[in-house]
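Just below is one structure, and these are the notes that go with it.
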Amino acid sequence: MSVYNFCAGPAMLPPEVMKKAQSEFLDWQNLGVSVMEVSHRAEPFLTMAQQCEARLRRLMNISDDFAVLFMHGGGRGQFAAVPMNLHLDDAPAVYVNTGIWSDGAATEARKYTDVVELNVRDDRDGQFGVTPVAQWPLPEKASYIHYCPNETIDGVELFDVPRHPSAPIVADMSSMILSREINVDDFDVIYAGAQKNIGPSGLAIVIVRKTLLERQGLPRPGILDYAVEAKQGSMYNTPPTFAWYLADEVFKYLEEHGGVPAMQRHNKNKAAILYDYIDSSSFYNNKVDKACRSLMNVPFWLNDERHNERFLALSKQAGLLALEGHRFVGGMRASIYNAMPVAGIEALVTFMDEFAKEHG
Ligand SMILES: *Cc1c(COP(=O)(O)O)cnc(C)c1O
């Protein structure tokens, strides 16, 4: 039986990458030891690290105006790092609230800096919606504008990028990085925990405009300091070496499979199959406004929630794993990142349809 893992994170990784990692687990680059067991400051690892950054720059078309950092602490580490690095004494940080993760980022930032939270959720009649980005009332003065293009829990994705005449735009791309084409120049800081579309948890990728490295910010730990990490090639202390190596293997895999444009087609196709089925069904529903439905995280609800437990038990038996929705929104959620094949979506839809026929 094929198993498809719909976990929101840590999420499934491309099986090809996992097999390659397995094959070189004990002997990396004919060194007779694992990549986990070598110095990060010796040539083999340094070469890998350089290639990894170059690959990510090619995949996302990142210019020399930006530094690319491989940091510790995942997404939430960056919830703290962003205010510490970008704080200004005379302007508040603006956090756009579109759901649970962006709200969490604001809560963390408030420990360190003045935060103005802007609620742009536009929920009506039980539907989740968001005010269009162009209509967000962004204040004139801000140390930076933080937002989350893909709300992993709510299943809400924003396809437009906010603009501001002076404040840097900071985006938490943890659950959508590399899933569709973006223009990096529209942003000033992009960060992502790795465990959704890149590799093992713990690693955070940070893409930061070099001019921002001059901001004094607040006193902060060296491991969360963008300028220090940029200067040290992300090796101020021992980096998460295995996660970095696996990220490189995922980037390699993406380059060999048509890069981000191919992933975008693949992801749009997968999401369309699943949303079309849900919309056509009288057994299931999705509460997100069609204008902001996530390509990566598809929450859905059974119209009769008394069947939830049975749905979860039978789907697991059918090899469809981790479909339980986040406890904050309930229902079900299928996370369908880059690594999820179309066959996984087809298996899910087939299962959902059979379940609906038996229980409807
Ligand atoms: C998963 C996730 C995070 C948190 O990542 P951690 O590595 O667990 O800290 C933050 N933001 C978004 C949008 C996420 O999906």
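Including glycine, each Cβ sits where the backbone N, Cα and C put it.
Marked as domain 'Aminotransferase class V' by TrEMBL: 3-348.
In the three-state DSSP reading, R41 (L-glutamate binding site) counts as coil. What TrEMBL lists as L-glutamate binding site is R41.
For D172 (pyridoxal 5'-phosphate binding site), applying a Cβ distance below 8 Å and a minimum sequence separation of six or more within one chain yields G75, Q78, W101, S102, A105, H146, Y147, C148, P149, Y191, A192. According to TrEMBL, the pyridoxal 5'-phosphate binding site annotation covers G75, R76, W101, T152, D172, Q195, N237, T238.
Feature annotation from TrEMBL assigns N6-(pyridoxal phosphate)lysine to K196. Sequence-distant contacts (6 or more apart, same chain, Cβ under 8 Å) of K196 (N6-(pyridoxal phosphate)lysine) comprise A8, G9, P10, A11, T152, S174, S175, I177, M296, S335, Y337.
The two recorded residues, Q195 (pyridoxal 5'-phosphate binding site) and R41 (L-glutamate binding site), have Cα atoms 25 Å apart. Here the C-alpha separation of N237 (pyridoxal 5'-phosphate binding site) and R41 (L-glutamate binding site) works out to 10 Å. The two recorded residues T238 (pyridoxal 5'-phosphate binding site) and R41 (L-glutamate binding site) have their Cα atoms spaced 9 Å from each other. In this entry, pyridoxal 5'-phosphate is bound by G75, R76, W101, T152, D172, Q195, N237, T238, whose most widely separated C-alpha atoms sit 30 angstrom apart. Spacing of R76 (pyridoxal 5'-phosphate binding site) relative to R41 (L-glutamate binding site) is 27 Å (Cα to Cα, whole number). Within the model, the domain 'Aminotransferase class V' (3-348) carries an average pLDDT of 98. Figure note: comparing Cβ neighbours within 10 Å for the binding-site residues R41, T152, the maximum is reached by T152.
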